[in-house]
Amino acid sequence: YRLSARLDGPTYAACAGHLQDLLCQECSPYAAHLYDAEDPSTPVRTIPGLCQDYCLQVWQKCRSIFRYLSADQELIALENNMAKFCRYLSLEDTDYCFPHLLANQNLNQNLGLVTADAEGCLQLCLVEVANGLRNPVAMVHANDGTHRFFIAEQVGLVWTYLPDRSRLEKPFLNISEAVLTSPWEGDERGFLGIVFHPKFKFNGKVYVYYSVEVRYEERIRISEFRISAADMNALDHGSERIILEIDEPASNHNGGELLFGDDGYLYIFTGDGGMAGDPFGTFGNAQNKSTLLGKVLRIDVNNNDRGPLYRIPPDNPFLNDPKARPEIYAYGVRNMWRCSFDRGEPQTKEGKGRLFCGDVGQNKYEEIDIVEKGKNYGWRAREGFSCYDKKLCTNSSMDDVLPIYAYPHKMGKSVTGGYVYRGCESPNLNGLYIFGDFMSGRLMSLKEDRATREWQYSEICMGTGQTCMFPGLINNYYQYIISFAEDEAGELYFMSTGIPSATAPHGVVYKVVDTSRRAPPGKCRVEPSPVKVKSKLIRFVPKEKLIVKTPTPRPRLKATAEAPRGGRPEPETTRTPAVDWVDQAPPPPGNRSRTPTTPAPSGRTPKPRKEGGRRGQRRKKKPPGTAPPLRNGAVRLMEQQGRGRSRGRVEVYIDGEWGTVCDDGWSSLAAAVVCRQLGFPYVVRASKKAEFGEGISLRILLDDVQCSGQEKTLLECAHAEVGTHNCSHEEDAGVVCSREEVAE
């Protein structure tokens with residue numbers, strides 16, 4: 001209206017429509033193309049790229065409007081030269097010129113859908129938000145308008161982050177002295193959950209869930225803290241009140257989720273007590289309503305400054321059952337790891353309040369449940385859709401609720417529940433439940449079919465080609481997906497790490513981005529409330545990079561009528577999507593998620609935890625008896641009597657020859673690189689002094705090897721020059737690996 005007011009009557013009648021059309025292209029799903037914004041070497045255009053015929057039409061009657069649309073003096077200087085004017089406004093890629101792109105079927109047929117590859121794998125991108133974290137188990141917001149986010153580490157520290165991603169040097173909470181955990185990879189104990197009271201802005205209360213040891217007994221503890229009167233970015237550590245403690249008979253299956261529902265009550269998600277198969281009592285803890293283990297609990301912590309620390313909501317389902325604990329909201333769960341309430345469709349609020357949970361399976365299936373009041377979710381009678389305890393499973397009185405989705409362990413072995421996306425920035429993701437697997441690193445999604453009420457599965461891959469080639473976006477992530485999160489605006493995040501140890505600072509927080517369709521400019525803008533900062537700020541420095549791989553063309557082979565001779569075949573280029581996990585050996589731990597040249601994830605290693613490898617690429621079948629050519633850095637294990645399976649002297653392949661490794665500086669971190677390269681998730685120990693025999697027939701190729709544990713091969717570790725050493729074969733290094741967590 002401001003611009004059209006400058007037009008006289010005849011010009012307005014002829015040109016107002018064109019003026020509006022051109023202005024509206026800033027909000028086009030293809031604005032990045034129309035304004036040539038994707039190429040950083042060219043200036044962003046002020047006028048969208050126009051198709052030649054349309055430009056000629058507009059120039060003839062309405063060329064005067066361009067001086068109101070743009071301050072580009074070069075364009076204005078060409079106003080009276082039709083050919084040069086329209087050439088200046090043309091696009092090199094004519095498929096995207098306006099208005100022809102509106103009728104381009106290839107461009108518009110999937111406009112309302114997330115981009116997917118030929119196998120149906122959804123192509124998404126990521127933004128790195130935080131890094132250097134020690135097993136980040138949770139990220140929450142205060143819902144107070146500040147748009148701060150708080151990230152909890154398994155060791156017991158919670159950090160405050162401002163909307164610009166800078167971190168406060170002083171922790172929001174530090175109870176690491178009280179938290180029970182260890183550096184062991186896969187230890188499930190520790191600081192596990194945190195949630196802000198819905199009225200935090202007024203009462204300053206925060207609730208946490210963590211493991212403790214009390215008189216040699218392990219427990220889970222739910223405590224309440226208050227915000228410090230002196231600092232809005234720190235809790236008062238002296239304000240802790242223990243709301244609830246539950247004895248844990250074993251060190252695993254500790255649950256860990258805390259949520260507040262729309263009803264204002266606190267929901268607590270406990271594990272079944274640990275070990276395997278819920279062996280406690282006649283039917284296990286999960287089916288025993290007289291214990292709080294293996295349950296979803298619901299309590300009322302409102303107005304608890306005086307009187308009891310919590311009350312029982314009057315509509316809790318087992319309130320009047322004398323054999324049941326009144327706190328129980330639902331039961332029959334094994335170890336729900338990460339749950340979330342659906343915010344509901346932004347306009348209609350459809351789906352609002354649904355409670356989604358990922359329940360970690362025993363040895364066959366992982367499942368996603370929608371939790372409802374009073375329902376039985378089947379464990380230990382059932383695992384996923386399958387019977388686990390056949391006697392219990394056939395009991396018709398169970399009346400258990402089946403999951404909305406379950407997947408077998410060839411796809412992953414430890415589900416991490418996620419969220420239904422209800423954010424603003426990626427509208428095509430609306431209604432998609434996005435979750436992952438901790439062990440395999442697979443990202444997955446479910447979408448409800450409104451007609452059938454069935455949930456349709458789609459894999460999520462990292463964007464390939466140009467999908468993620470925008471400033472600030474990346475297309476890879478660390479393997480072990482620990483948790484998911486929403487920020488105050490409803491955007492989706494997940495946390496993962498390269499080394500699943502509570503003391504390893506390799507955790508990263510990623511924001512999920514769908515580049516297939518972005519919200520119109522300005523629609524999702526938020527104005528955070530001011531935050532008084534008393535601590536030093538640590539500016540965020542991203543470390544992850546976009547991975548761009550250029551496919552290497554296969555060499556052309558001359559046609560011949562001769563029979564093939566012996567020797568190794570040329571390596572085949574691979575295509576990924578649907579992976580056969582059964583035949584897939586897990587690659588090294590440092591590998592990230594999917595690379596942009598493959599629609600499916602790249603290799604990841606299996607991870608310890610919850611009894612539960614990164615999704616690898618499908619390898620094309622090769623003729624029997626052939627093997628792929630060895631790559632530099634390949635390793636094998638040898639014992640005195642021959643080839644070792646899980647233990648032996650380490651031999652490394654470099655530049656066409658096998659050699660040994662000196663044990664100078666040899667450590668469990670270096671051993672981890674070798675074990676994971678060979679497909680073993682656990683290191684029992686690093687071996688020294690030629691324990692598995694001397695490789696006297698080989699040269700010593702590596703010495704002074706120093707690894708961080710994330711490397712893909714020993715060659716990526718710091719080491720002396722290849723072939724240079726000051727040791728003998730009496731110091732040949734070795735390893736003992738395992739597929740299970742054992743002590744030797």
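Here the Cβ of each residue, glycine as well, is placed from N, Cα and C on the backbone.
Those TrEMBL annotations? Automatic predictions, nothing curated.
Marked as region 'Disordered' by TrEMBL: 546-635.
Mapped onto DSSP classes, the domain 'SRCR' (635-738) shows 16 helix, 39 strand, 49 coil. Among the features that TrEMBL reports, domain 'SRCR' is placed at 635-738.
Under the heading disulfide bond, TrEMBL lists Cys707-Cys717. Here Cys707 (disulfide bond) comes close to Ser667, Leu669, Ala670, Ala672, Val673, Leu714, Cys717, Ala718: these same-chain residues lie at least six apart in sequence, with C-beta atoms under 8 angstroms from its C-beta.
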Local confidence of the prediction over the domain 'SRCR' (635-738), expressed as mean pLDDT: 89
Cβ neighbour count (within 10 Å, all chains shown) around Cys717 (disulfide bond): 21
